[in-house]
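What follows is a set of notes on a single structure, which appears directly below.
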C-alpha cells in the first residue's frame, strides 16, 4: 500500500482517505499512520476526513485515549475537529460505559462552538440507559433534544424501546410502539427489538402478533428475527415448532449462530433424532458459513465422545487445528470428560498437563471434572494431588472432594476440609455436611459425629457474624 502510494506522486487527498479507511477497517492502524506520513511527504495533505477516519479506527480497536491524541495532531495541522470527530470519540467512550468521559467530550464540543446532532444525543441516551440511569436518559429525550431544535427519529426510539424491553417493561415498549407508528415508520430493527423483548418474556402469542405486524409493514424477517424466535421455542420446550422454524430457515438459506445450532442439535437428540443431529452438525461445520465457530465444533466433539466414535474425535481435533481455531475452556472440558468416560484417566491427566504446557491456565470447571472423574475411578490420591496444585477453587471443587473423600472412607480428611471451607466463609451445599456427619456416625460413633457437628455449627455462626 505504501509503496503503491510512493509510485503515484499525483495522488489526491481523496485517494489517501480511501487508503487510510481501508487499512483502518482491517485494524492496521500502524500502516495507516505510515501512509499518512508518506502522503504528507509527497505533498498530499490530510483533511478532516483523514483524521476522523483514524480517530474512528482508534476508538474501535485501540482505545479512547489514543483516539483523542489524534485531535491534538489535527489542531497542530490547522484542522479543527468537527461533530463527526466528537461523535466517534463519544461513541468509543460510551461503548465502554465511560459516562464522565462522554459528558466531558459533550462539554468540549459545546465550548468549541459545535452543536451536537441526533447521533450525539442518541449515544449519550443509550449510555445512560445501559448504566440504569433512566431518568437522565428520558431528560435527554424530552428536554435536551427539543431545546437543541432536533426531532427524534426511529433510531432514537429504537434505543428507547430496547431499554424498556431490557429493563422488563415490555408492555410499555409495546404501547410506545403503537403510539409511534403514526409518527415515524418503524424499521426492521424496531420489530426485532420488540420480538427479542417478547421472546425473553416468553410471550409466544404476542410474538406471533408482532410477526404479523412486521409483515404488514412490508418487511421480511431476517436471520436475527428467526434466530431470536428459534431460541425462544427451544427454551419454552416448543421443540416441534422450533424444528419447523429451523427447517424453514434452512430452506430459505439463512445462517445461524452457534447457540441456535447447539439448541437445534440438543432438541433433535432429546426427541430421539440422533441421525438428524449428526447431519445438522456436519452440514454446519462443513458448509463454511460457521466454519470459524468453535462452539459448533464443541457440539460435534461432544456428540462423537458420547457415541464412542474416537476416530471421528481425532479427525475433528485435527480439523480444528488445521483451521487455526482456538479451543476454549469448554473444548478442553469436553475432551477431559470424554476421556474419563471411556476409562482413559491417564489421557485425561495428560491433556490437562498439555493445557499448562501451552501456556494456558486450565479452567476450574475442567479441573473439577478431572478431580471427580479420578475419584470415581478410584484414584483419590491422584485427584488430591491435582486439588493441591489448583490455584483457584470454587465451591464445586470442595463439594466434589468432600463427597469423594467420604465415599473413600477418609472421613477425618473430609471433615477437616469441610471445616476449613466454613472457616473461610465459603458457602458449601448442606449435602457435603450431611455426607461427613453420616459417615462419621456410621463408621466411628454418634458422639464423634456430634462433636464434628458442633464445630461446623460454630464455624458457620462465626462467619455469619463476620459477614452478615
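Cβ coordinates are placed from backbone N, Cα and C, and glycine is handled just like the others.
Annotated repeat 'PPR 1' per Swiss-Prot: 12-46, in sequence order. According to Swiss-Prot, the repeat 'PPR 2' annotation covers 47-81. Under the heading repeat 'PPR 3', Swiss-Prot lists 82-116. Among the features that Swiss-Prot reports, repeat 'PPR 4' is placed at 117-152. According to Swiss-Prot, the feature repeat 'PPR 5' maps to 153-183. Marked as repeat 'PPR 6' by Swiss-Prot: 187-221. Residues or ranges marked as repeat 'PPR 7' by Swiss-Prot: 222-256. The repeat 'PPR 8' annotation in Swiss-Prot covers 257-291. According to Swiss-Prot, the repeat 'PPR 9' annotation covers 293-327. Among the features that Swiss-Prot reports, repeat 'PPR 10' is placed at 328-362. Here Swiss-Prot flags 363-393 as repeat 'PPR 11'. According to Swiss-Prot, the feature repeat 'PPR 12' maps to 394-428.
Away from its own ends, the repeat 'PPR 4' (117-152) comes close to residues 83, 86-87, 90-91, 94, 97, 99, 102-103, 106, 109, 159-160, 162-163, 167 of its chain (Cβ-Cβ under 8 Å, at least six residues beyond either end). Under 8 Å from some Cβ of the repeat 'PPR 6' (187-221) lie the Cβ atoms of residues 154, 157-158, 161-162, 164-166, 168, 170, 173-174, 177, 228-229, 231-232, 235-236, 238, all in the same chain and six or more residues away from its ends. For the repeat 'PPR 10' (328-362), the DSSP counts in helix, strand and coil order read 26 helix, 0 strand, 9 coil. DSSP assignment over the repeat 'PPR 2' (47-81) gives 27 helix, 0 strand, 8 coil.
DSSP assignment over the repeat 'PPR 3' (82-116) gives 26 helix, 0 strand, 9 coil. Listed as Cβ neighbours of the repeat 'PPR 5' (153-183) (distance under 8 Å, sequence separation of 6 or more from its ends, same chain) are residues 118, 121-122, 125-126, 129-130, 132, 134, 137, 141, 145, 189-190, 193-194, 196-198, 200-201, 203, 206.
Taking H, G and I as helix, E and B as strand and the rest as coil, DSSP gives the repeat 'PPR 9' (293-327) the counts 27 helix, 0 strand, 8 coil.
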